[in-house]
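What follows is one structure encoded as structure tokens, with my remarks underneath.
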Amino acid sequence: MAAALLLYLPLLPGLAGAFNLDAENVIGRRGEPGSLFGFSLAMHRQLQPQEKRLLLVGAPREKAFPSQQANRTGGLYSCDITSSDTRCTRVVFDEDTDPKMESKEDQWMGVTVQSQGPGGNVVTCAHRYEKRQYVNTVQETRDIIGRCYVLSQDLTIKDDMDNGVWSFCDGRLRGHEKFGSCQQGVAATFTRDYHYIVFGAPGTYNWKGVVRAEQKNQTFYDLGIFDDGPYEVGDESRQDKNLVPVPANSYLGFSLDSGKGIVSQDEMTFVSGAPRANHSGAVVLLKKEKNQRALSLEHMFEGEGLASSFGYDVAVVDLNSDGWQDIVVGAPQYFDRSGDIGGAVYIYINQRGKWEGIKPIRLNGTADSMFGLAVENVGDINQDGYPDIAVGAPYDGFGKVYIYHGSKNGINTEPAQILDGEKTGTNFFGYSIAGNMDLDKNSYPDIAVGSLSDSVSVFRSRPVISITKSITVQPDKLDLKKKNPEDPSEIWMDVKACFQYTANPRNLNPRIKINYTFEAENERRQLGLPSRVRFKDYLSDQFTASTTLIGQNSKRCVTAKLVLQEKIKDKLRPIPIAVSVNIAGLESGSSSTRKERALPDLIPILNSNESETKITKVEFLKEGCGEDNECHSNLKLQYRFCTREGNEDRFTYLPIENGIPVLVLKDQKDIALEITVTNNPSDARNPQKDGEDAYEAKLIATFPDSLTYSAFREMRGYPEKQLTCGANQNGSQAECELGNPFKRNSNVTFYLILSTTKVNVDTTDLDINLKLETTSTQVNSTAITASAKVVLELLLSLTGVAKPSQVYFGGNIVGESAMKSEDNIGNLIEYEFRVTNLGRPLKTFGTASLDIQWPKEISNGKWLLYLMKIESKGLEKVSCQPQNEINVLHVAESHNSRRKREIAEKQLTDSKTFSLFSERKYKTLDCKVNAQCVDIRCPLKGFDSKASILLRSRLWNSTFLEEFSKMNYLDILVRASISVPAAAKNVKLTNEAAQVRVTVFPAKPVALYTGVPWWIIAVAIFAGVLMLALLVFLLWKCGFFKRSKKDHYDATYHKAEIHAQPSDKERLTSDA
């Protein structure tokens, strides 16, 4: 079949809201337990011998009459709901039994019941009625042929030929292949023209099923018309199963309805469901064949879901009132793979008798609800001109009945009302439904709902009325300069509202008490804004009172005084005044359509298609605006970013790069945004075009997460300063009121001071949304974005120190495997790097890191500095990476490092006494030249102003003995720097790298002094003394020690002094 339009009920909000079926004053009737009282229902109007409006209830498991020679046979009950007697009366018929010919045990009388209409007949059936032959013999046979009874309008069997038993399968060929299991009466109905009675027999022809229509109108006989039927699927004369348009086990005739205007406006069409046809179900449209006694196929609708029982129930109803009957089909066992759908109803909207290619509307029920087990034309229950339908879902909780209203488009797919069995305490509520008749005589059709719990509920329809509302205000325009002459301190308005109602039918004229509510400024109140007016007698902007409407089209008017509040801001937008109504009840003594009523009148309900509220608006006479009383403003905005010097109100514009302001943020706490707003005419040659007063003019500034509002400074304003600014709780938005009104040719310049404390390393831009708003007409009110680029300048310093700065090596060479304690490695060296922040707290920029180039090995891979441990001061617990470079050999820590360092320093001091005579050899060990280094990164978590990283290390003694024993000393360089993640984008880092130098000396000059014999020293001393003696002797021989005359002495002295240069002593000293 064609794909269906879907509607899933649980997705619709507010479906439980009631419309005009009264769910509070439900009329209930109960039957005998276990009787299935309420299995079938029909409303019947008796005209003779007296008028009665009855509810007929089938109870197919009711106990038998004594004369029926059975336990349970089923029965039919008549209920007068207008009576104070809550008991229903059992209809007496089918009392006798011939046990030799039949069995009525469990025949299920009352399985179906239908009324022909006002003054018409009633049909009820027992589809399990058994026809017997050869009782108490071995040839005994039992055929479940079923049969029906037709009763006259007063529920009795007349002697007329059309009353009594109707059993067309009786006397035909037996066996399930023919008519032996035809089960006539599973469904039965009358055509609406009173001409035919229609029976369904789904067990005929191996449960193919047949539909039979027989003439049922006394008028035909009076007119001499005797040859109108009967008509039957398979042909009543030929009884040919091959003419049945569905396969075996289809159950054709399981549900029935009929009507004209289905295929043709003049011809009757019979509609029947076959819920097991082709394993999914089908609905067939049947027509009478001329000159034959056959019903033949006109069209077939096929179910779309396997085992969905499509056609379990059908209803013919003109939903859109276009004169063509539409078709409603129930498929209570439809489901989908998701498991969310439990039953469906298909709505086929008639296209002027054309059914090919029609796409049905599918209404879906909730899971396991059996939605669509019963579908019923319940008439126009709200009297809107479109018939309505009811859908039963007996397994939806306690059971529910969904009411859908017809409309000009076919059907409103949202239920107008849901009746719930839980409220009546009824299980399996909605198994059967009857309607389309007014039981309580208020001109609105009512609904009866049956169940499998031996109970029936009747829901009466409340009259639907439409109340016309009008509201006027004097004066209709407010002049703020014109005060009330009675009280010059106030401005008054007179409000008048009038009401009248209409209803269907036109003769329905109850006296209705209504509650009316005057309400002003509802939208402002919902926004949390104060109202600009109040009602004088109630000191509030709303009040409720009551009045009475005495009948249809009778007008009733009420008045109230409205007072304008003082010092209002909004002087441009109109003041809305609304009046709404609801029905409070009926006044005592209210007349109805009938003078005497056994049931109390129901309170009418307002038409749901009409608004309960009527609104009018009062305009202001506006100053500074054009002759059209409309204000056309021309607000313009300019902005510039500034820095603020300290806490003083001195502002400096930011530098511009590529057209974008650049904010270099060091230690500033605030920045400022200079804003200028003007309201000048856009065209000086046509100043009346715009630039008029801007009422409630304001600027709304929305800041990014990195900025918060701090304050504002108004620098200048023309013609007067009237600026006020305020912010929301977290400072993310500021609102500045420019003036009310911000007059023509006004301008204002002010600064928004913004805190930068939330600016962090991820902040690359500042985008501030600026929007001008006014209640005047502003042609261009688009928001603009003020943008600036952010550069963060970090003022960080880094210093480093090593303790001690000079160490020694010496002793014996020890292998790596022998290192058990750090003392075995070598002397202790502790490095400390101090980081100081001179600018903004670093926490706002994220996490900085200290990067250290650690000289781990010399160029040939031998150990240089062994890193034992890393600690911190002024930080959270430090975790440097890579962790596997710390104490790689897992040697034990030593706690005597201080003493060993002091001994080392003393030995180093002693060893320096020999350096005078050493050859001065030295070397620098540097990561950039001859050392293999590891990059160690230490995050400075929690760092704010000061922090220190301490590295505890050991000089690898054996490496220095092996590689550097001939060196007088060596320098080891360790470098460190600071980095910040994402610094390349917007962070300017001004720190300098730190370099720490440690000098290493050998413990003693091993290669210079080891192995010198003692005798060499003695010979050297003797040679020195001998040479000194020889020198003295030579001087004596030369007369050096004699006294001479002065002139000779002077010459001799000079000569001797010349010969003594250079002296032996000086030469020896030089050689040494």
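The backbone N, Cα and C atoms fix where each Cβ goes, glycine too.
If you check Swiss-Prot, you get these features:
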| type | residues | note |
| --- | --- | --- |
| BINDING | Asp380, Asn382, Asp384, Tyr386, Asp388 | Ca(2+) 2 binding site |
| DISULFID | Cys79-Cys88 | disulfide bond |
| DISULFID | Cys125-Cys148 | disulfide bond |
| DISULFID | Cys169-Cys182 | disulfide bond |
| DISULFID | Cys498-Cys557 | disulfide bond |
| DISULFID | Cys625-Cys631 | disulfide bond |
| DISULFID | Cys725-Cys736 | disulfide bond |
| DISULFID | Cys933-Cys938 | disulfide bond |
| MOD_RES | Ser1070 | phosphoserine |
| REPEAT | 23-88 | repeat 'FG-GAP 1' |
| REPEAT | 94-160 | repeat 'FG-GAP 2' |
| TOPO_DOM | 1037-1072 | topological domain 'Cytoplasmic' |
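Shown here: features listed in Swiss-Prot, placed on the structure.
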| residue | record | Cβ contacts under 8 Å, 6 or more apart |
| --- | --- | --- |
| Cys79 | disulfide bond | Arg29, Leu54, Leu55, Leu56, Val57, Cys88, Thr89, Val456 |
| Cys125 | disulfide bond | Met109, Gly110, Val111, Thr112, Val113, Gly146, Arg147, Cys148, Tyr149, Gln184, Gly185, Val186, Ala188, Phe199 |
| Asp380 | Ca(2+) 2 binding site | Tyr386, Pro387, Asp388, Gly406, Pro445 |
| Asn382 | Ca(2+) 2 binding site | Phe19, Asn20, Asp388, His405, Ala416, Tyr444, Ser461, Val464, Asn607, Ser608 |
| Cys498 | disulfide bond | Lys469, Ser470, Lys555, Arg556, Cys557, Val558 |
| Cys631 | disulfide bond | Leu572, Lys622, Gly624, Cys625, Glu692, Asp693, Ala694, Tyr695, Pro741, Ser776, Thr777 |
| Cys933 | disulfide bond | Gln853, Trp854, Pro855, Lys856, Cys927 |
| Cys938 | disulfide bond | Ser849, Leu850, Asp851, Ile852, Ile870, Ser872, Val878, Ser879, Cys880, Gln881, Ile949 |
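Taking the centre of the Cβ atoms of Asp380, Asn382, Asp384, Tyr386, Asp388 as the Ca(2+) 2 site, the nearby residues of that chain (Cβ within 8 Å, site residues left out) are Gly379, Ile381, Gln383, Gly385, Pro387, His405, Gly406. Put simply, of the recorded positions Asp384, Cys725, Cys736, the one whose Cα is nearest the Cα of Cys169 (disulfide bond) is Asp384.
Comparing local CB density within 10 A for the binding-site residues Asp384, Asp388, the maximum falls on Asp388. Per-site Cβ counts within 10 Å over the disulfide-bonded residues Cys169, Cys557, Cys625, Cys725 peak at Cys169. For Cys148 (disulfide bond), the count of additional Cβ atoms within 10 Å of its Cβ stands at 25 [all protein chains shown]. Residues within less than 8 Å, Cβ to Cβ, of Cys182 (disulfide bond) and separated from it by at least 6 positions along the same chain comprise Ile144, Ile145, Gly146, Cys169, Ala201, Gly203, Thr204, Val210. Note: the CA-CA distance between Cys736 (disulfide bond) and Asp384 (Ca(2+) 2 binding site) rounds to 54 Å.
With DSSP classes pooled into helix, strand and coil, the tally for the repeat 'FG-GAP 1' (23-88) is 3 helix, 27 strand, 36 coil. DSSP classifies Cys557 (disulfide bond) as strand under the three-state reduction. Computed over the repeat 'FG-GAP 2' (94-160), the whole-number mean pLDDT of the model equals 92. Residue counts for the repeat 'FG-GAP 2' (94-160) under DSSP (helix as H, G, I; strand as E, B; rest coil) come to 0 helix, 27 strand, 40 coil.
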